[in-house]
Amino acid sequence: MALSKIDAIDTDIEHIDQEKYLRQATQYYCALEKPLKYGPVVETLPDLISALHREFESNYVNIEMVNHLMLSYKSNPKEWRKYAKFDRYTYTRNLVDAGNGRFNLLILCWGEGHSSSVHDHADSHCFMKMLKGELREKRYRYPNRATSSEDQQQHQQQQQQHEHGEINDHELQEIGDTPIPVNDVAYINDNLGLHRVENPSHADTAVSLHLYCPPFDTCSIFQDNGKKATAKVTFWSKYGVRTKPTEQ
């Protein structure tokens, strides 16, 4: 018996490798600025988590809907306070939901003046929503990684200039510096560049909600001269409970 067109599409979707599909989607996805006009409304953090699980049940993930859900949720400290664990000396990464291995939802807590290193996202999607305070995202071109014909041309020009001693093309090139206020969502993937996130305030803390898909165990961190190293991804707490060194 021949499959109908709809059945054939469903069969194709069932055989999609979700992780491979998500990584390929970073080659073209840039982000929504506003929630979808006819998308569902997310009123609570538990609602957001449930909606994300539904989106990731299928091998085909509508990344625009994931973006919409992150934009739609409005910060409520009563819902996320139990996950917000601070450290005096550095920002913390606190696991809220492991997404059945298909995504990670984290709350990051930033003390006064805390910042991350410049880092990539291991060819995954990164959504960052502000829950409290304000962060600044400094974005950099990914060294030696041409992502478009325009980038390729610029990279060739930089190589020619470097040969003549004009610039050091291994140095990180800043391409953006953007504030992220409460309830805004920033999005980045490696095709769009690297970034450093910092709390510019020396008087107030900040809290942000991050979604990574697919989840990753390591990423690359970069020095100003473009030299990179591999860093292990760890969690300061899981599900509101402080982790032990052996669990990190």
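Glycine is treated like the rest: Cβ placed from N, Cα and C.
Caution: TrEMBL annotation is automatic and unverified by curators.
For H195 (Fe cation binding site), the count of additional Cβ atoms within 10 Å of its Cβ stands at 24 [all protein chains shown]. Among the features that TrEMBL reports, Fe cation binding site is placed at H119, H121, H195.
The region 'Disordered' feature in TrEMBL is assigned to 145-165.
Of all the Cβ atoms in the protein chains shown, 19 others lie within 10 Å of the Cβ of H119 (Fe cation binding site).
Within 8 A of the CB centroid of the Fe cation site residues H119, H121, H195, the other residues of that chain are S116, V118, D120, C126, I188, D190, L194, R196, C219.
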